[in-house]
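The feature region 'Disordered' is assigned by TrEMBL to 1-45. The annotation compositional bias 'Low complexity' is assigned in TrEMBL to 26-39. For 54-72, 154-173, 180-200, 212-232, 244-266, 272-296, 317-340, 352-375, 387-406, 412-431, 452-469, 525-542 (among others), the entry in TrEMBL reads transmembrane segment. TrEMBL lists 57-548 with the feature domain 'Major facilitator superfamily (MFS) profile'.
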Amino acid sequence: MASATEPASVAASLEKSPTEHAEPIAPVDTPDDAPTTPTDKQDDRNLQAKSTRFWLVFVSLCLTAFTANLNATILSTVIPLIVRDLGAEDEFIWINASFAIAAAIVQPLCGQVSNIFGRRYPMLLSLAIFTLGSGICGGASSVAMLIAGRTVQGLGGGGLMMLLEVIVCDLLPLRERPKYLGVILSVASLGVAVGPTIGGAFGNHSTWRWCFYINVPIGGFGLVLATLLLRLKNPRPATWKAALLRVDALGNAIFIAASCSILVGLTMGGQIYPWSSFRVIVPIVLGVVGWGIFAVHQSSPICKEPTMPPVLFSNRTAVTGFLLVFISCMLLEWTVYYLPYYFQALKGSSPLFSSVQVLPFNIFLVPSAMVNGGLLNKFGQYKPLHWVGFAMYTLGAGLFSTMDAATSVVKWVFWQLFAAWGLGGLIMSTLPAIQASLPESYVATSTGAHSFIRSIGFVWGFTIPSLVFNNRVRANIGMVEDERVRMAITSGEAYSQANGPLIASLSARVKEQAMRLYALSLRDLWYTAIAFSLLGFLLVFVEKRIKLRTQLETEFGLEEGGAEKKKEGEEKA
């Protein structure tokens with residue numbers, strides 16, 4: 001049953017299966033100051049009751065989150081070794097891009113499949129695919145084989161990250177989800193933070209192949225845990241054929257093709273071809289047109305069970321939530337990518353040591369997500385967290401814009417904490433805000449859309465600052481008097497030349513000019529980040545304050561074990 005504080009139209013919709021939501025329904029607009037009922041008070045008292053199996057499942061989900069996110073960054077410090085061993089000078093960009101693209105495009109499909117077949121089997125399949133891809137990468141004898149393995153690994157990793165969030169949502173009422181999602185996102189952030197250091201350790205003391213081989217025993221252990229513990233309720237389809245026919249095959253084909261086209265274009269832009277090249281423009285334009293066709297298809301009568309139901313974008317709180325997750329994840333990638341660059345360009349740090357210097361930012365994301373999750377769980381207020389998050393990041397980015405070669409250790413360590421606190425709270429609290437405005441039956445599809453938009457934000461978090469940085473370098477290149485240096489920097493190699501042998505070989509005078517050029521370009525880059533952060537701050541005013549549901553309404557969730565059923569029977573007796 002729906003909570004007494006929810007509208008009757010929503011209560012009725014919660015009793016329907018996802019297939020019955022072909023027509024738009026009224027969004028949930030229950031204000032958070034609605035009167036508290038006895039049922040709500042009872043739910044609040046019972047929120048903390050958790051079984052042993054719940055905790056075992058939750059720990060296994062945390063392990064999965066750590067492993068999947070570790071592989072997003074573990075190669076960042078060993079790419080030169082891979083290029084040397086496999087001769088991948090021209091294709092190295094696709095080693096990471098193939099993983100990111102595959103992980104992004106599979107997430108909405110996983111959301112729909114998990115609604116049809118349940119969460120358990122897609123989760124096991126994703127884990128198996130991720131482990132298989134890791135084995136292929138570890139044994140790669142050519143760059144083509146490595147890229148193929150990274151693609152397989154990305155398909156599995158994308159499914160894992162989306163499905164573990166869905167499973168957490170199935171196990172917990174909306175009011176309690178932020179606290180546990182905060183823990184999972186904290187563990188995931190830790191994987192991102194330590195990835196470069198672990199990769200560098202493997203590269204220096206063993207071989208880069210262990211960056212992938214390490215996932216095989218972890219993945220095998222995860223499969224055993226998931227098989228034994230992840231016994232979830234799910235609707236039983238009449239036949240496999242009937243279940244397969246429910247999958248929006250045409251919609252997914254259009255969406256995947258369009259998304260691949262856009263992401264490939266964005267990856268090539270400024271890296272392989274100039275942004276003005278037709279090889280960059282055409283894929284992006286075709287992808288945008290494909291997204292338009294996909295949107296029309298999702299609303300058409302021939303699409304019986306949409307991959308991204310139009311109702312997900314039917315109210316201002318959900319739409320604003322999707323925009324906020326895009327901006328916050330874009331700023332997260334922006335910072336993760338260009339903050340180390342400051343240390344490489346202006347402090348002369350190596351890529352490996354710069355990954356250590358940004359640990360304050362990466363590690364402080366963990367307590368930020370956990371504390372903000374606890375606050376949201378206790379008070380049920382997401383709008384203040386969003387305002388504080390963007391305000392803190394704006395302050396942090398403003399301080400980053402003042403950094404130069406003389407900035408002290410105390411300053412750059414402390415300033416990272418402002419940005420980390422802001423983003424830690426934002427990446428944890430956007431999904432609950434979106435789901436608060438939608439019926440519970442849209443948990444999987446809303447999570448799939450949220451995960452995909454998050455991935456797109458990460459892509460733009462590299463693309464936009466790269467455009468800004470390179471444009472500002474070209475605009476200010478006149479301050480460098482050495483023609484050879486100007487040619488090298490403006491030929492699209494501004495980033496790679498920062499700590500390369502060219503800059504190191506310069507005279508003190510020209511080197512100082514180059515470092516000033518980099519400092520000014522980074523300053524303008526952070527100014528642009530501030531603009532996006534302020535946009536996010538203003539968008540929070542558009543959100544409605546909606547009461548977070550305290551009852552768990554789902555067809556999924558943990559199956560009851562024998563002891564639990566016996567205890568329930570005794571209580572009823």
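Cβ atoms are placed via backbone N, Cα and C, with glycine included.
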Sequence-distant contacts of the transmembrane segment (525-542), meaning Cβ under 8 Å and at least 6 residues beyond its ends, amount to 316-317, 320, 323-324, 327-328, 330-331, 334-335, 338, 383, 386-387, 390-391, 393-394, 397-398, 400-401, 422, 426, 464-465, 468-469, 472
*asked:* Under 8 angstroms for C-beta pairs, at least 3 of them, ignoring pairs fewer than 6 apart in sequence. Is the transmembrane segment (317-340) in contact with the transmembrane segment (244-266) by that rule?
replied: no
Across the domain 'Major facilitator superfamily (MFS) profile' (57-548) the predicted model averages a pLDDT of 86
Within the same chain, the residues 6 or more beyond the ends of the transmembrane segment (54-72) and with Cβ under 8 Å of it are 99-100, 127, 130, 134, 153, 157, 160-161, 164, 167-168, 171, 180, 183-185, 187-192, 194-195, 198, 211, 215, 218-219, 222, 225-226, 229-230, 558
Is it the case that the transmembrane segment (272-296) and the transmembrane segment (244-266) touch, counting contact as three or more CB pairs under 8 Å in which the residues of each pair are 6 or more positions apart? yes
